[in-house]
Amino acid sequence: MSLLCHNKGCGQHFDPQTNLPDSCCHHPGVPVFHDALKGWSCCRKRTVDFSEFLNIKGCTVGPHCAEKLPEAPQPEGPATSSSLLEQKPPNTIPKSAETLRRERPKSDLPPKLLPLNISQALEMALEQKELDQEPGAGLDSSLIQTGASCQNPGCDAVYQGSESDATPCTYHPGAPRFHEGMKSWSCCGIQTLDFGVFLAQPGCRVGRHDWGKKLLASCRHDWHQTDSLVVVTVYGQIPLPAFNWVEASQTELHIHIVFDGNRVFQAQVKLWGVVNVEQSSVSLMPSRVEISLVKADPGFWAQLEHPDALAEKSKSGVGLEMDEEESEDSDDDLSWTEEEEEAMGE
């Protein structure tokens, strides 16, 4: 007789006669959802991708369990979805459009850099790219302009002619890491609190200069939302973390993304609603970049951009042509659809 295992993260059918002490790989903890990140309280892995969260492998081995487990008490620490619901005041009435307009912060507030979360699949793709081709290889010197800067992170060399190729390039082949205020490069691990000191860190590898010119690219992009979150997605192959930045204020978004091949996507968006900058973040994956903006007030946005900004862009003939908002009401829209990403992340 085949029974269904109710251990979290398992869900397999098993034969009680062959149920061994190490037959089941599961999560003994509870789901944790905090600042758009999803994970289990029993292990450290976190992701913004809902289907990747569902596929996080169990961290504990034991026998299968055919009985439904009682609900465990919520752990202290990061807020879970249940605890957030408990804290929500009863009968909360959404603010009217007039109230939101009146309470909208001034647009001249300085933007802040959003933290970049680099997926394991992208790290593997960047490592493979580093093995396949050295920076600057195959670039036609006749196309390089005098005064061009080396594009490798950590190198400040300027092209003065063919003799510049003979000088060594000291650079960082890895990606920048920002965690709990500390800043470092994944390739050398020297940590610092000061952003200026981080930028001035000398490279840890010697190679060839990359004089490639970055080209503005027209990338496919769209957005979707839940009651508490707006996700802007820009599609492109192999975003380069060292050159990417996304800034946001409560009402504006500034995007600068560099993909493989020196293709650059840039956009400035005056947001329809107000966001919580401190809780927002950016996730880099092999085939796209997801910008997760946490709404300051729950509710649905009629569109991504503010009507005033759309009117101004319409007059000037310039606009950010976002694909239609796709999501309805679930974080399922954050799921990965590319089979190659799933294979790389395993």
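The count begins at 1 with the first shown residue.
Each residue, glycine too, has its Cβ placed from N, Cα and C.
When the ranges 5-8, 49-52, 57-60, 173-176 are checked against Swiss-Prot, the one recorded as motif 'SH3-binding' is 173-176. The candidate list HIS27, HIS34 contains one residue that Swiss-Prot assigns to the Zn(2+) 2 site with CYS42, CYS43, CYS59, namely HIS27. According to Swiss-Prot, the feature motif 'SH2-binding' maps to residues 159-162, out of the candidate ranges 159-162, 167-170, 247-250, 315-318. Check Swiss-Prot against the ranges 147-150, 235-238, 275-278 and you find motif 'SH2-binding' recorded for 235-238. Across the structure, CYS59 (Zn(2+) 2 binding site) and CYS155 (Zn(2+) 3 binding site) are spaced 41 Å apart at their Cα atoms. A gap of 44 Å separates the Cα atoms of CYS150 (Zn(2+) 3 binding site) and CYS42 (Zn(2+) 2 binding site). The Cβ of CYS169 (Zn(2+) 3 binding site) has 22 neighbouring Cβ atoms from other residues within 10 Å, across all protein chains displayed. Sequence-distant contacts of the motif 'SH2-binding' (159-162) (same chain, six or more residues past either end, CB-CB distance under 8 Å): 141, 144-150, 209, 211.
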